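Novice: Heads up, here are the entries from Swiss-Prot:
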type     : residues             : note
SIGNAL   : 1-22                 : signal peptide
BINDING  : H44, D46, D158, H475 : Zn(2+) binding site
CARBOHYD : N60                  : N-linked glycosylation site
CARBOHYD : N96                  : N-linked glycosylation site
ACT_SITE : D158                 : active site, nucleophile
CARBOHYD : N192                 : N-linked glycosylation site
CARBOHYD : N222                 : N-linked glycosylation site
CARBOHYD : N516                 : N-linked glycosylation site
CARBOHYD : N527                 : N-linked glycosylation site
CARBOHYD : N760                 : N-linked glycosylation site
CARBOHYD : N769                 : N-linked glycosylation site
CARBOHYD : N848                 : N-linked glycosylation site
CARBOHYD : N912                 : N-linked glycosylation site
CARBOHYD : N1040                : N-linked glycosylation site
CARBOHYD : N1057                : N-linked glycosylation site
Amino acid sequence: MFYKTFGFLFIYLIILISGTLSQKEIDSSNEQPVIEVFLVPHSHCDVGWLKTVEQYYTENVTLILNNVIETLTKDKSKKFNWAEIIYFERWWNDQNETLQNQVKQLISNKQFYFVGGGWTQNDEAITDYQAVINQMTLGHQFLFNQFGIKPEIGWQIDPFGPSTLTPTLFKLMGFKYHVINRIDERIKYIFNATEMNIPESGIMTIEREFEFLWYPSSNNPNISIFTHVLDHHYESPSLTIVDYEIPNLTYTSGFDFEGNPKINPPITILNLRFRADLLVKIIKERIDLFRHNNLLLPFGGDFRFQDSKIEFNNMDKLIKFINSNQKTYGVNIKYSTVDEYFEKVIQDTNINWKEDTTTTTTTTIPIGGDEFPKLSNLDYFDYTKCDYNDYQKYKTCSLYYSGFFSSYSELKQISRQSDSLLRIGEFLYSFANLISNNNNNDDDDDDDNDFNIQLKEISNILVQHRNVSGILTHHDAITGTAKTKVRDDYLLMLNQVQSNTMNNVIPNIVGYLLSNKSIQNFDYSCNNTIIMNSPQIGDIFSISFTNSLGWDRSEYIQIQLPPSTIVTVYNYNLISIQSQIVQRFDKDNQTFLYFNVETPSLGISTYFIIITSTNDDNVDDDVDKVFGDDELLIYLLKNGILSKPILSEISEISELSSSSSSSSSSSSSQITIGNSKFNLNFNYLNENYNLLTLTSFDDLIENEYSIPITQNYIEYISGNDNSYIFKPSGLPVNLKPESPKFYKVTGSLVQMITILYTNNCSQTYIVYNSTTTTTTTTTTTTTTNNDDSPPLELINDEQYFEIDNIVAAGWNKEIGSQFSSESINNDKTFYTSNGLELIERNYKSLFNDTTEFNMIAGNYYPVINTIQILDNKSKKQLTILTKQSFGASSQNNGELNLLFIRRSTDQFVTLNETMNDISNPLIKIKVLFGNSNSIENIRTPHSLLLENPLLPIYSIVSDITIDKWISIYNTVFKPFKTSLPYNLHLLTFTKQQQQQQQDFNEDNPLDYFIRFLNIYEISQSESFSQPIEFKLTNYFNNFNITNIRESSLTFNSIINNNTNSIILNPLNLISLIITISKN
């Protein structure tokens, strides 16, 4: 709503406003019920943004907590709401016992209230669901262990758009209510002034839909959460009187008493009535947005209450004056916690909850509340702001927050890699604890005791890694929307915890789990410099591959080698297997070794690389001299069991002449790579700068040939956009190369096409071929089985092709990838993942705005791991899988656009910095193309395999000889009896960190937290979108499970004390607390 005033003096504005307030909008009829105002004191404390996390804590947060706690202790009428547990936990640990006891009393009195309770307020657009769960668990476990508190209210007031994932997860955490804020302002507000007129705006205002029952998931239709949208942001109330004719006379007055005193003057005897009138005017405007007579009114803002006295003292005067004049104002105000507001709303509207018995995971569903609207299966992307000056320039709202989906790509990539590494560390640490505890019970061996000391150190390292992972979920961290110094600090933290985990956690535990004798002083490393450091003929290296998924796996891996090195590869049974050496022209001509690796579920498999030739030397000349006294290897070699690897055929592809490349269908120019399931066909295209370009696909399973599909780099020219906002100046164009080069790699295992656009921009297409091994597993397919069913072949590396995209952007350029296929008529409908499930997107104009740059930006959506288009008639489907987030869209029929990297000279007013991304990341994607039914069977497992790669751990074997090595170490660690079924994902297996304080007993062992997810959506797959029934005892190998309890998602509430047999429906998730020991 907009107001126009006329006048030239500030004092005249005050008189005009005061007169207006006192005459009409303040008077209250005796027939009107009193408006109950729940004033919610709070401070929004970003976990990094304009300052680093450390700076915010030491310079701001400590002041806030110290002063607020002091104020609340002195005055029981005062209340405060706190969200970011990362700051509170640190502050709490810095306090003495006396102050801690005071805080406990404030919490008990409900003066100090925790809302949300996560480590931070995570971004909702591009943060992976496992990272969200982990950061919420961090906060919830601290609150539960220290205070017995179980948060019930979501508080996501600053992320740039609410996702359907968040209410789904929050409901599984036991939340009843949810508060959100940043949604498209054209949905919230009516813009109908002459100077800023947006047709159809303000539906929430018109229909009073600022509160609703949100049913976020079509796969879990009974999950719902009562949701409140902040009507006017989370800051202290203010009112702006807009003068469009004379903008300099626009007048804002508010109640942010730590803010600008000209706008937020302190309360005095002289201005008390006027200021009270203004606050009541704000209240009465806002209460009309709701369907009851209760108003949640935020009182605070970014890092507010550093001076809690000035905030509370000024507001005290207003509260006292307004409440004492209730007949005049019809308003009653009180300091409140967020739950008090919801309790009153529920009381007034008769909403109740009952247990939902229709699902396999325990949750509640609402009864009553018919007066509230219901929102189903919809999220609130893209968040859009409407700025007056921006509107005057473009005659439309053009601030679409779809840029941060792709901003600072390298940060997004490293963050996701760090989460994958943490996941491996958590699994390994849990198994090491189980085995170590069993050894200590059986044998008080000094070596085991030494390892227990290491486990404590390892635990501390993982705690720090977990904490940093939580920090990176913050809505200004992974988004790339913080200042450069803060972003650099995030990267520094990530690199430090990754280094600690890689160097001090994973190698030590892998060595421990593989040992079959007492621990040896043996050097395991996550770094393959031991291979790269001038290997000699006869050198032997072991590589132990760690699998963090609950499925047996068989897939291709790549290991870097020194140039001109020939090797032989042996598997865990010491049987020689095929391998291929490839020179990667997109990676500075570096040399890589490819071979197939098989690993058991959650297990480890060891492979051996033997240097057989360097610089054309050959080991066959004198075997005894090369391998010394390693009798086992000499025996294997002399009996012809070892063989050299199959070398790749490398050829540079010359440019074709213009006559032969003038037609995209010219057979003489077509170049093909493929396997037994498909071929990729490439041609030189004049319309694409005569670049070698993917032009068609042969489906050898369906006997369909030359199916049109193209892919190439595109670039947008920036138009005043920044790390938050995407505002391209027009449609994308094909990226123009500089002296391009093309290479083809052929071989029996892997084939590649590499296209070098520039020195720092390239694409490499990778196709894998089946291989036959002489091991007990004779296929490259990964197998799985249900409890009593035979193995089913489902996943293999021939089902997809990879594209390694190495990208860089010049100033005011935004680089992406465009796929196009005439065989898919998707009618501009596409699907993006929120991490757990696909959300349908439809290319459309918003609020009748067909401005070109808004049609582009407003139809880009966040992708966590999957984007796809399909043709429902032909059943053709194109699916792109990724292990990092970015923005994507379908702007034309049969088209998918992915936006990888952005760079702009525009200085966003808040950051006052350019978006200067000079990184050169490699972004790997998996591509599935073909029959829709076939793809839907396999896309979700393939996505998890991509996101959770095998981790290689290296060691030098030749120092002690291989026969001694295998006498000390097992080549396989297999903790599960059998692989999980492919629709069942083991999401979490981690050791409980701390007992609840009031139940603490050092003699009680800590339990283990475990989560399972049925990964298939309803109707995704006829074969796999089925309920799964399983028992944990059928899987854990040599471990004894004595107690299984179902809990909330963050393990702070027991739901079922006896959970032996588990049933999971499609896309259901269950959390368990188990007592387990080694047999």
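The backbone N, Cα and C atoms fix where each Cβ goes, glycine too.
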Novice: Within 10 Å of the Cβ of N848 (N-linked glycosylation site), how many other Cβ atoms can be counted across all chains shown?
Specialist: 9
Novice: For a quick check of understanding: among the binding-site residues H44, H475, which residue's Cβ has the most other Cβ atoms within 10 Å?
Specialist: H475
Novice: Could you state the CA-to-CA distance between N516 (N-linked glycosylation site) and N192 (N-linked glycosylation site) to the nearest Å?
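Specialist: Counting only the Cα atoms, the answer is 76 Å.
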Novice: Reduced to three states, what secondary structure does DSSP give D158 (Zn(2+) binding site)?
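Specialist: Note: D158 (Zn(2+) binding site) is coil by DSSP, not helix or strand.
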Novice: Applying the rule Cβ within 8 Å of the centroid of the Cβ atoms of H44, D46, D158, H475, what extra residues of the same chain belong around the Zn(2+) site?
Specialist: C45, V47, W49, Q121, I157, P159, D302, H474, D476
Novice: C-alpha of N527 (N-linked glycosylation site) to C-alpha of H475 (Zn(2+) binding site): distance in Å?
Specialist: 32
Novice: Can you count the other CB atoms that lie within 10 A of the CB of N760 (N-linked glycosylation site)?
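Specialist: Around N760 (N-linked glycosylation site), other Cβ atoms within 10 Å: 13.
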Novice: 10 Å Cβ neighbour count around N1040 (N-linked glycosylation site)?
Specialist: 13
Novice: Do you know offhand how many angstrom separate N912 (N-linked glycosylation site) and D46 (Zn(2+) binding site) by C-alpha?
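Specialist: Counting only the Cα atoms, the answer is 18 Å.
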Novice: How long is the line from the C-alpha of D158 (Zn(2+) binding site) to the C-alpha of N60 (N-linked glycosylation site), rounded to the nearest angstrom?
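Specialist: Rounded to a whole number, the Cα-Cα distance is 19 Å.
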Novice: So among N760, N769, N1040, N1057, all listed as glycosylation sites, which is physically nearest to H44 (Zn(2+) binding site)? Use the C-alpha atoms.
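Specialist: In terms of Cα distance, H44 (Zn(2+) binding site) lies closest to N1057.
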Novice: Let me check the 10 A CB neighbour count of N96 (N-linked glycosylation site). How many other CB atoms are there?
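Specialist: Excluding its own Cβ, N96 (N-linked glycosylation site) sees 7 Cβ atoms within 10 Å.
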Novice: Where the distance is taken from Cα to Cα, which of the recorded positions D46, N96, N760, N769, N1057 turns out closest to N1040 (N-linked glycosylation site)?
Specialist: N1057
Novice: Quick one: pull the CA-CA distance for N192 (N-linked glycosylation site) versus N848 (N-linked glycosylation site), whole Å only.
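Specialist: Between the Cα atoms of N192 (N-linked glycosylation site) and N848 (N-linked glycosylation site), the distance comes to 14 Å.
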Novice: How many Å separate the Cα atoms of N222 (N-linked glycosylation site) and N1057 (N-linked glycosylation site)?
Specialist: 23
